[in-house]
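Here's the structure we're looking at; comments come further down.
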Amino acid sequence: MSGIASASSENEDISHNDTIVQKKDLNRVIAASVSGSAMEWYDFSIYGTASALIFSEIFFPGLDKLTALLATFATYAVGFLARPLGGIFFGRIGDRHGRKVVLVSTILLMGISTFLIGLLPAYHDIGIWSTILLIVLRLLQGFGSGAEQAGASLIVSEFAPAKQRGFYASLPFAGIIVGILMAAGVFALVQRLPDEKFASWGWRIPFLLSSVVIAVGILIRMRVKESPVFEHMKQHNQASKQPVKDLFKYSRKNLIVACGLRVGENGTSYLYQVFALSYLTKVLLIDKSIGTMGLVVSAGLSLFTIPFIGYLSDKFGRRIMYRITALIALVWAFPAFMLFNTHDPYLIVLSMAVAISLGSFGMYAVQGAYFPELFDARYRYTGIAISKEFASLISGGIAPFVAAGLLSLSSGQYWPISVYISVLALISVVSTFYAPETKGMKFEH
């Protein structure tokens with residue numbers, strides 16, 4: 001794949017429909033998108049990890065373990081409530097005023113919110129206000145992330161050559177892996193602290209370190225050029241004044257299809273990255289480091305599987321590759337939790353690696369090019385953001401909470417959770433039969 005990535009020199013021009021794009025501009029856009037993806041997933045990974053490991057003690061003391069866990073995952077889900085609103089708000093700006101301004105705004109909002117979570121007093125210090133402030137910051141974090149990933153993949157897809165769009169548009173998702181690895185690495189270090197120090201101040205360190213990621217991301221994004229597709233649209237006065245209205249008027253079917261495609265990816269992703277970590281440590285009483293190691297290994301493998309699956313979507317088509325990866329998520333739902341219950345560290349890591357790097361992130365890899373190709377440029381940002389975030393709200397956002405509830409209702413049995421994962425993945429499999437094939441599509445605007 002390195003040959004693909006370096007096929008043209010830094011200053012070589014790439015034919016892009018009606019425009020000429022320099023390779024250095026494409027590389028700069030990729031770097032900017034990767035940095036934003038890293039910021040988003042660092043934010044959500046540390047919040048998810050903290051939710052599973054410590055937040056129940058910090059913000060919900062006095063509750064029994066299961067009730068505290070449910071309360072913690074409820075605040076986790078709150079962030080997803082704001083994501084569709086953020087998607088509509090920033091998507092509209094992105095379609096009317098350009099992709100770049102949104103990319104800078106979203107990373108700034110997410111970063112500040114994450115940093116401030118690290119400064120929050122505990123429940124023992126200010127009572128219920130600590131929980132209220134946590135929810136407010138979580139809402140702001142979700143509002144910013146509502147258009148972040150949509151914008152990252154969109155701007156790369158609009159710079160990339162049509163025949164290699166699947167590969168190039170998957171690269172921003174490598175930022176996801178960087179974010180997950182950073183979060184897992186930082187938490188692995190702070191977890192080495194004595195329990196008392198970790199509960200007192202150690203958990204705050206990952207949140208405060210987000211300031212470094214913010215600074216780097218903003219510096220990179222300020223240097224990015226506007227999308228050539230949007231510039232062409234602007235020059236010809238084709239930008240939509242009402243992108244939300246136009247989206248529902250002209251692309252309602254593709255919007256529904258994109259939501260269905262997203263459900264399986266997003267729901268399974270958060271179940272394995274957030275709920276499974278809590279399940280391993282609090283239900284199976286397995287050492288915290290095993291689940292963290294599973295995430296690290298899964299992320300490391302995904303650095304290779306994501307661009308490779310994106311490349312395969314250029315060769316064989318978006319629809320078939322999405323269907324295959326969704327089927328992997330479907331058939332692995334029961335074996336995954338069976339392997340968790342063996343208590344064998346190696347089998348647990350293997351289970352997470354297959355579920356995440358081939359299932360959840362396999363679907364994610366195809367989305368980078370697929371979703372932009374489903375919508376017209378006039379409302380492309382809005383379409384991607386709304387489909388991604390509304391699907392996230394009904395899948396990923398509530399998935400850990402639903403799984404915890406199923407676990408409680410079934411007296412600790414895992415099979416209802418496996419059924420839940422299977423249903424989410426099946427929705428995406430079925431959606432591929434209604435989705436058009438878009439491989440090699442040229443962006444006309």
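Cβ coordinates are placed from backbone N, Cα and C, and glycine is handled just like the others.
Any TrEMBL annotation is an automated prediction that lacks curation.
Positions annotated as domain 'Major facilitator superfamily (MFS) profile' by TrEMBL: 29-439.
Sequence annotations record features per position, and here TrEMBL assigns transmembrane segment to 66-89 (among others).
Within the chain carrying the transmembrane segment (101-120), a Cβ under 8 angstroms from the stretch's Cβ atoms is held by residues 32-33, 35-36, 39-40, 42-43, 46-47, 86, 90-91, 93-94, 130, 133-134, 137-138, 140-141, 143-148, 151-152, 155, 204-208, 210-211, 213-214, 217-218, 221-222, 224, 381, all 6 or more beyond its ends. According to TrEMBL, the feature transmembrane segment maps to 101-120 (among others).
Annotation source TrEMBL lists transmembrane segment at 126-146 (among others). Packing against the transmembrane segment (126-146) from elsewhere in the chain are residues 40, 43-44, 47, 55, 58-60, 75-76, 78-90, 105-110, 112-114, 116-117, 120, 385, 389: each is 6 or more residues past its ends and has a CB under 8 Å from a CB in it.
Annotation source TrEMBL lists transmembrane segment at 167-189 (among others).
Per TrEMBL, the feature transmembrane segment maps to 201-220 (among others).
Taken from TrEMBL, the feature transmembrane segment applies to 292-313 (among others). If one looks beyond the transmembrane segment (292-313) by at least 6 residues along the same chain, the residues whose Cβ comes under 8 Å of a Cβ in the stretch are 1, 4-5, 45, 49, 166-171, 173-174, 176-177, 180-181, 184-185, 187-188, 191, 272-273, 276-277, 321-322, 325, 345, 348-349, 351-353, 355-358, 361-362, 364-366, 368-370, 439.
Long-range neighbours of the transmembrane segment (320-340) within the same chain, counting only residues 6 or more positions beyond its ends whose Cβ lies under 8 Å from a Cβ of the stretch, are 261, 264-265, 268, 272, 276, 279-280, 284, 309, 312-313, 347-348, 350-352, 354-355, 358-360, 362-363, 365-367, 370, 414-415, 417-419, 421-422, 424-426, 428-429, 432, 435. Feature annotation from TrEMBL assigns transmembrane segment to 320-340 (among others).
Annotation comment: TrEMBL describes 346-370 (among others) as transmembrane segment. Long-range neighbours of the transmembrane segment (346-370) within the same chain, counting only residues 6 or more positions beyond its ends whose Cβ lies under 8 Å from a Cβ of the stretch, are 153, 156-157, 160, 165-166, 168-173, 176, 261-262, 264-265, 268-269, 272-273, 276, 280, 286, 290-291, 293-295, 297-299, 301-302, 305-310, 313-314, 318, 321-322, 324-326, 328-329, 332, 335-337, 339-340, 425, 428, 435, 438.
Annotated transmembrane segment per TrEMBL: 390-409 (among others), in sequence order.
What TrEMBL records for 415-435 (among others) is transmembrane segment.
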Would you kindly check 66-89, 167-189, 390-409, 415-435 and say which stretch has the most C-beta pairs under 8 angstroms to the transmembrane segment (201-220)?
167-189
Checking distant contacts: for the transmembrane segment (167-189), what same-chain residues at least six beyond its ends satisfy Cβ-Cβ under 8 A?
1, 4-5, 26, 30, 33-46, 49-50, 53, 149, 152-153, 156-157, 159-161, 205-206, 209, 213, 273, 289, 292, 295-296, 299-300, 302-303, 306-307, 309-311, 313-314, 361, 364-366, 368-369, 372
Would you kindly list the residues that approach the transmembrane segment (390-409) from elsewhere in its chain, counting only those six or more residues past its ends and only Cβ-Cβ distances under 8 Å?
48, 51, 66, 69-70, 73-74, 76-77, 79-81, 83-84, 87, 258-264, 266-271, 274-275, 278-279, 283, 416-417, 420, 424
